[in-house]
Structures are given as C-alpha cells and as structure tokens.
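Enquirer: Sharing a structure here in structure tokens format.
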There are 2 protein chains.
Amino acid sequence: MHQGIGFIQDLAVVMAIAGIVTVLFHRLKQPVVLGYIAAGVIIGPYTPPFQLIHDEQTIQTMGELGVVFLMFSLGLEFSLRKLFQVGATAIVAALSEIVVMLWIGYEIGRAFGWAVMDSLFLGAILAISSTTIIVKALADLGVKREPFAQLVFGILIVEDILGIAMLVLLGGIAQTGELSPGIAFVTLGKLLLFMTVSLLAGILVVPRVLGYVARVGSDEMLLVSVLGFCFGFCLLVVKLDYSIALGAFLIGAIMAESRHLQRIEHLVAPLRDAFSAIFFVTIGLMLNPLVLVDYAWPIAVISLAVVFGKLVSCGLGTFLAGRDGRTAMRVGMTVSQIGEFSFIIASLGLTLKVTSGFLYPIAVTVSAITTLTTPYLIRFADPLSRRLAHAMPPSVSNVFGMYSQWLRCLMPRSSGTQGPTLFSLTRRIVVQVAVNLALVSAIFIGASYGARYALPLLASWVPDERIQRVVLWSAALLLAIPFLVAVWRKTQSLALLLAEVSVQPEKAGRFTRALRHAIAELVPAVSMIGVFVLVAALSGTILPPTGFLIGVLVCAAVLTMLLWRWCVKIHASMQIALRETFDEGQDS
Amino acid sequence: MHQGIGFIQDLAVVMAIAGIVTVLFHRLKQPVVLGYIAAGVIIGPYTPPFQLIHDEQTIQTMGELGVVFLMFSLGLEFSLRKLFQVGATAIVAALSEIVVMLWIGYEIGRAFGWAVMDSLFLGAILAISSTTIIVKALADLGVKREPFAQLVFGILIVEDILGIAMLVLLGGIAQTGELSPGIAFVTLGKLLLFMTVSLLAGILVVPRVLGYVARVGSDEMLLVSVLGFCFGFCLLVVKLDYSIALGAFLIGAIMAESRHLQRIEHLVAPLRDAFSAIFFVTIGLMLNPLVLVDYAWPIAVISLAVVFGKLVSCGLGTFLAGRDGRTAMRVGMTVSQIGEFSFIIASLGLTLKVTSGFLYPIAVTVSAITTLTTPYLIRFADPLSRRLAHAMPPSVSNVFGMYSQWLRCLMPRSSGTQGPTLFSLTRRIVVQVAVNLALVSAIFIGASYGARYALPLLASWVPDERIQRVVLWSAALLLAIPFLVAVWRKTQSLALLLAEVSVQPEKAGRFTRALRHAIAELVPAVSMIGVFVLVAALSGTILPPTGFLIGVLVCAAVLTMLLWRWCVKIHASMQIALRETFDEGQDS
C-alpha cells in the first residue's frame, strides 16, 4: 500500500495546484490550458519555493498518456464525411497556412542565426493551429454553430492529417539529417499506405467488435475494450517506428465510424481531461522563466509572425478558395495561434536531440501569448473586415469582387439526378483497384517486415533457408489472393470500358470486335504482370529463388481457379461490411 | 515522445488482454472482475509464454490509483442518511458477521499451524464482503430495488467503516506486534476523532467549492477540482500515517454531500473503471498458480468457511435484529463472498512484511471461488428458506415465531408529532458539546503534531524555545476560541436544564433559587477546568511554562470577552452552513 506514496504525492501536488490555478484562470476569464501551464511552472524546478515533484519521470509518463488521450479524442472528432463536406476550401486554406508558416518559421530561425534543424522545427511548430484552444474560444463566444466555424473545423482536420505527415517527415529528417525528395516521397507513400490499410482494416473490425461489446450495456466493459484497442493499436504503430500520437489519432478516427461514438466520447472525456491536464502541467514543468527573459526578442517576433502570418495565409487561402472576405477574415483570425501540436513537435525535437533547449520554452510562451490574443482577435474580425471594406480603394475591391464572380462561374453546377457518367464509373473502378493494390502491398510489406521474427521461428522446423522463404511468401500470397482476384476483376471491367471507348466502330471497321477483345484481354494480363513486379519489389527480402517461385505461382494459379467463387464471395462480403459501417455511422 | 514506450507497451498488454478476457467472461456469464484477475495471471511471470510486463513497478503504481478510485467511489456511495435509515439492523448484522468471521478466520489459521499474524490477517480478510460483487450480482438478478437489497447495502456501508477501522488497527498491531486494549482504544479514538473532524471540516468546505466550480459548467474543471481534492486529501491522510484507502473513502464520503454528486460520479466512473481494471489485473499478476496447488486444502476449507460462516453469522444477526427468516436467509446468502477489501488487507500485510507470501494468493483464490458461487446462492435463498420452513419441527419454528413477536413488542411505536422531550433536548446539547470538544482537541493535537515543522521555522525569528511554545500554543488557542465559547455556552444551557430538573422547589424550599443559580454557574466553570486539563494533556509537548501559560490564558480571556459576540456569530454561521449542506443534499 505504501510503495507508491511518492507518486501519489506528486499526483496530489499536480492535481491540487492545477485545480486551484484553473479556477483562478477561469475567474480571470483566461483559457484553462494556460492555467495548467502556469501550475506547471509553479511546481517546477525553476521557480521558488522549491522542486515540489519527486518522481518527475512518472509524471512525464502520465503526461504522455495525456498526449495519447488528446490525439485519440482528436481522432474521434475526425470524420471522412465531415472532411468531404468542407472539402476543397479547407484543403486550400490549410495547405496555404502550413506552407507559408513553415517558410516564415524557417526564415525567422535563420534570421536569428539558429541552426537549420532548429529553424525547420520552428517552422513546423508554427504551422499547425490549436484545435483545443479554437473549440474552447468559439464555444465561449457562442459562435460554434456558424458556417465559418464549420469551415474552421474542416481546416483543423486537414491540419491534423498534414501535421501527422509532418511529424513522420521530421522524424525521418532528424534521423538522416537531410530531406531528399525521394526519401520524402517514399516516407509519405509508406505513411499513406499504412494509414489507408489500417483505416480500412480497422473500420472493418473495430466498430463491429465495439458494437458487440456495447450491446451488453456495461460502460465498464466498453471502456476497457476501447482502451484495449487504443493502446494495442498504439503499440503496433510504435513497433512500426511511427509515433504514439499517430497511432492514437488513427484508432480514434477508426472508432469515429462506430455507431456508439457518443458513448465512447463520453467515457473517454474524463480520462482525456485528467491526463491532458497532467500533460499541460508537464509542459509548464519544463519551462525555465529565465530562458524567456533571454529570448524575449525572438518570442515577440515569433508571436507577431504567428498572428499575422496565419491571418494572412489562412485568410487569403480561404478567400482564394471562393469564400467572401468577411468569412476569410474570421477564419484567419480564428486560427491565429499555436497549441498542443506544437508542443508535441517541440518535444519530438527534444527527444530526438536535434533541437536546442531554448526552442521548447519559446514554443510554449508563443503558444501562451497567442492563446491569450485569440478570443480578442475573433471578436475583432467583424469590425476589422467592415473597416477594411470602407477603407479599401474602389479599384482594389473591384478586383476582389471580379475574382469571386469568376470563381463562381468556374464551379460546376450541382448536377441534380444525373446517372453515373462514364467518368465517375471509371473513377470508382480506379479507386477500387488502388485500394486493393494497397492491401496487397501491405500484406507483402508486412510479410517482409515480419520475416525478421518469423524466419528464426521457422528455422527450427525447416532448416533450408530457401524453403523458409517459400513458406513465408506463399502464406503472404495466400492472404493476398482475394484482393488479387479483385484487382484482376476490376482491371477486366476497366479494360472492357477502355475497349468500348477507345475502339470506335467507324474507325476500326470490321476489326472492332477483335481489337476490343484484344484490349479487354491484354490490359488485365499486362496489369497483373505489373502487379507481380510490384509485389516482387516489395517482398524482395523474402522472394523465393526463381525455380521455387514458379512452382509457388503455378500452385497459386491452380488454387485461385479452384477457389475463384469463394474469393469473389469473401471480397464482396468484406466490401459490403465496409460500406455498412459507414452507412450506419451516417444514420446515427 | 519515445521515452515511455515500455510503459505504453505494458499498458497496451494489460488493456488489450483485459478487454479480450472480459468479453470472454461476459459470454461465459461470469463476473468481469474474475476476467481481470485471469488476465493478470496470463500476463504474469508465473505462467507461459513469458513475462509480458516490463515495468511492473509502474503498473503496480497504476493499480494503486485503482484502489484510490475504488475507495473514492465507495465513499461517494456512502451516506450518513442511508446509514440512519437501515440503522440498527445493519449494525447488528455487520457486527455479528465481522466478529464471527474474524474469529473463524483466526481459528482456521491456527488449526493449519500458521503464525499468529497470518491467522489474524486471515480473519480480517474473511471479515468484509465485496460491495462490487454484490452490487453486480443483485443488478444482474434484477433484485436491486427490493427491501432486502437495501438492507444489504446498509450492512455493506457499516462493513466499510468497520473495515477501515480494522485496516488502521491491523497496521498498528503489525508495527507493535501486539494488541493491548489500551492501544486499540487510543487508536480507534484517534481514528474516530480524525474522521469526525475531517468529515465536519470537509463537509463545510468541499461541497461549497465544488458547487462554485460546478456552476461554471465545465466538466473538465469540475473533474480536475474533484481530483485535486481527492489526491490532496489522500496526501494529508498519508502524512498522518493512515492509509490512502481511508483518505479516498473519507473524501468520497465528504463529496457525497455535494449537490453535484451525480455529475461527479459520472465523471469519476471511467477513471475508476480503467484503473480498477488495472488493479485487479495486478492482483492476478501476483498470483502463482503453483502456490494454489500446494494450498488446495486450506483454500477449500476457507471457501466453505466463508460461505457458511457468513450465511449463518450475517443471517442470524439480521434475524436477531428483527427481520423475518426469509429476509435473513437472502441477506446471508448475498454477503457470502470476499472481494476488493480482502485484497487491500492482504496487500497491507505483504507491504508491512508481517504475513507469509501464501496468504495473498489464497485470499485471491477464495475470493474467486466465492464470487463464482454468489449469484447461485442468491438465487437459491428463497427455495432454501421455504424448504427449511417445511422441514423445521413445529417446536423450533414456534420459538422463532415467539422471538419475532417479542421483539416487535419491544420496539418503540413511532411517536407521531411529539415535541422535543427533555431527553432529546439534553441529547442534542451533549452531541453538540462533544462535536465542539472534538474540534478543540483536533486543533491542539494538530498543533502538537505541526510543532515538528513549525518550531524550526519559528527558531529563526524567536530564539527562545519557551517563547516559541507560547506563540504556537497561543495560535492554537486563538483558533479554538470559537469552539471553546460554544462549549461554554452549551454547558451553560445544560447546567440550566440540570438545575431545573435536579432542584425541585418542594424539596429545596426557599433555597431553590440560590441552589439552581449555584449549579448553573458551577457546572460550566468545572467543565471548563476539565476542558483545560484535556487540552493541556493533548498539547503537552508545546505547553508553555506555567508563568507564560497564565499570561496567555489571561490575554485569551480578555480577548474572548472582547470578541464574544463575534465568536458566537462565527460559530452559528458555521453550524448553519453545515446544516444547509446536509439539507441541500437531501433535497436533490
């Protein structure tokens, strides 16, 4: 009973001071997050009276749980459907904001004479706005349901995805020390593949299991299952060398497709609140006020850059994507701060030991300053846009007006009850081929990755190393057969379409049938060769020697023919299950 | 980001396996708690494939958080009012159960030739039934709202309090190695004093603060404040050398008087569920299946003893307290298991290193067995009591019938709208004097305890050690003055009452007035001397030398006269505040 006293004491100090400071900050009408950080500074080793925390390591671990729960909650709020609704505008605005802020951050860092890596991380820190702060500020101001707020949430979702991509890229750069376009491409490709596969597989499995558990009606069981999936998936992701943050976000996004989303959010909220409080306190713990005095000048410059940079880049992006000036101004003012994602990026830099110690406190302070200004900026957006509209010379406002009108002409009319066009049909088939190819690739990549563990195990059964590879590769192939069959069938349909379109009877004359037949047969065959080359490249380390390979392929071909109907059936039922999950989510 | 991977991995393993096993146990219609313990055994170091936990220390710490949240939730369900409702029956039944089971456990331990301390802890382990299991079983059977279930909950509340007293006593015995009646009396007296004072002070402060925070409407702020109070209070309790379990239970009981109890319960439930799952898994972690094979025989005997001992002792207690045979049988069958409290007691023994290693696994196994039998026993209670009634010879059932009738005659009729009698008036005043005396005692005990820390601090200001004591003692006296004034005023009223009753005009004749006056003046004066002796005894270590003492007392007397009205007012408003909190709770 008494072994954990030190830890309970730490927790008591953290929670008690967090509680007091939080109430105080609420009275002062300041965001609670700032209260937590202030509590951390008070408790921390750099301020009097003295170091109040005994076991900082354990508190840091609890803070990491806070990151997991924060990202998990972000994932729960993520939704592919919501993303499609705000669509293009959100993507344009978020991309414009991130690219501009990355550049501004990097340039500022270089101008202060900081190292390249510090400057790069500064850019990344400034790029992503804070969902927590924005949701809180909009709710406080009572404008959470207005259209511009919906657009802001869309931008935040896009930012979260791009932020996660950035985390992965930064991790890569930090390890190799450089960013070649090739490596970036491969890294992002692998990330995209991993995200697609885990989203697909997750959405097939997780909501079904949770639905089964939820039907029992016990909150306790549901919570433990949710946490089991959450941490289990995080573990898998960490083993694949991605960050816990990515894992928590992805599994959250998977669970967002569950019917029982609301109950899950309700159950996870107290855990998120408790541990994110600890996370923000740990941020304060690492803050040395003396550093802030030394770096007062950069902090001021960066804070101004965040506010004006985000206002201009995100606002302009919104405007260029076709919204009116008032909306653009409000969106720009709303996203003008940095927050939890910046802390995660800054701590990544510290953990990988590629950034200097001063970057973290600067990020925290800039976040605190811009968090403080956010509510005022949102309130100030409307008067400012009115005043700007008055003050603008007529010629300039004319140009803006013409741009808006031109853009409106460009946009396609919403086409009422038009049937599936050839284009949309083709697009759907291409997407299906891509998804199935992604799954096939994932299986073979997984097999090559798993070979490290599987081969030593196999070694005790089959001593011959070539036979080992045959076994492993055959197993992967067996798993992939349903998806390969699907790829084959979809390319066949695609080839038929292609043959119909490309070979016109008026040109080909009496060869029409023969030509069409040739195309319809050739294209799938060539594609399958391409698929084989891809698979061989991906599974290079476990590819059996040629002789064996041919044997395996022949066996697989025979097996496929025998099991053709079964393969088609299993793939179809998987597809239906996937669609059902999405539709269920949509109903609720 | 990557420093806590080992811990996240442990958590992932614990949560994932707990999730799977829980769903499995639910399908098998067995309690979830058993699933957690089974998950712990699977993960644990004693079973194949291998040790899945890397950082057992941190997981144990998390499990301890589970104990805190479990006891806190128990406290939240505790209620003085509920206790008064089931009143005497619950106390008689719980006392009978605990005393009998303590004795049975001790005797079994001695019969197996175990050490005295092992036997004593075995008795304590068997004494308390499991609230978690019972609530779950009654809910599953759909009989949670029946009168016998209400009685069972009353018994469980009494058991919780007695269990906490037992924890404290066992801790004392384990340290001194013996139990002299004097030490037990002092220990329990201190516990009672501490519980009274902290309940009073807590109920004055905590619900008010939480009410203020709750009005803001942010769940996050409320949760952090609740956790701040919870861990802060636990820390205080631990510093006073009591267990965390006691602290968590007490602060829970204090918060149970808050208006916002439901919201608090809702917020804490996920934390309790998550961490109690970890707690039960850690119990499984410590379970070595081989030990169970070695101790199969004691386990069987103890399991039978738990079922029959609790059935007979608690059932008979219920019957003797005046309930009918059927209710007694159902109550006895319901409480026939051991659970979380037993684990806490067993782990106390391990931590204090006074019990042998085998006691813990035995307790866990007996708990698992009796948990499994509980639902069947509850279901079996009615048929069994019917069959018993049939099979009983008429003479025996006559005796039982006569006992019930006799008891019913003994019970006081509920006396409709009778005014406050002299007796109830006296009782109320005596209670008030006792409560105020308790507060005064607590202040001086607190001051003597705090002297260790305060005197060195004072030393830098006043070098003279006597003056230091004067300062400290005066401060304590100053704090105590409002309560001392209250004691004085209440004893005055008591003396007046006494004078009226004891001096009858027909006997005392013309001395009536004088005699009554003398009594009314003398009794309070003598009482205050008694109070002074008590205070002097309690604060022996910081009592100033006689000369200084007289000076301080004179100053205090003058101050009291000057501040008399203010003292009366402050005490009255505290009393009103306390009553309001209770009434508010009652309304909701």
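Each Cβ is built from the backbone N, Cα and C atoms, and glycine gets one as well.
TrEMBL: automatically predicted annotations, no manual curation.
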Enquirer: Of A:59-76, A:239-256, which span is tagged transmembrane segment by TrEMBL?
Expert: A:59-76
Enquirer: As a test: from A:112-139, A:274-293, A:519-542, pick the stretch that has the greatest number of Cβ pairs under 8 Å with the transmembrane segment (A:299-321).
Expert: A:112-139
Enquirer: With a cut-off of 8 Å between Cβ atoms, can you find at least three pairs linking the transmembrane segment (A:59-76) to the transmembrane segment (A:274-293)? Only pairs 6 or more residues apart in sequence count.
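Expert: Between the transmembrane segment (A:274-293) and the transmembrane segment (A:59-76), which are separate recorded stretches, there is contact, as judged by 3 or more close Cβ pairs.
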Enquirer: Could you give the residue numbers and ranges of same-chain residues that sit at least 6 residues beyond the transmembrane segment (A:191-214) on either side and whose C-beta is under 8 angstroms from one of its C-beta atoms?
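Expert: Contacts of the transmembrane segment (A:191-214) (Cβ under 8 Å, skipping residues fewer than 6 from its ends): 164-165, 168, 221-222, 225-226, 229, 233, 240, 242, 250-251, 253-255, 257-260, 263-264, 435, 438-439, 441-442, 445, 574, 577-578, 581-582, 584-585.
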Enquirer: Between the transmembrane segment (A:429-450) and the transmembrane segment (A:519-542), are there at least three Cβ pairs closer than 8 Å, leaving out pairs fewer than 6 positions apart?
Expert: yes
Enquirer: Have the transmembrane segment (A:548-568) and the transmembrane segment (A:470-488) got at least three CB pairs under 8 Å, pairs 6 or more apart in sequence?
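Expert: They are in contact.
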Enquirer: To the transmembrane segment (A:519-542), which of A:112-139, A:274-293, A:470-488 is linked by the most Cβ pairs under 8 Å?
Expert: A:470-488
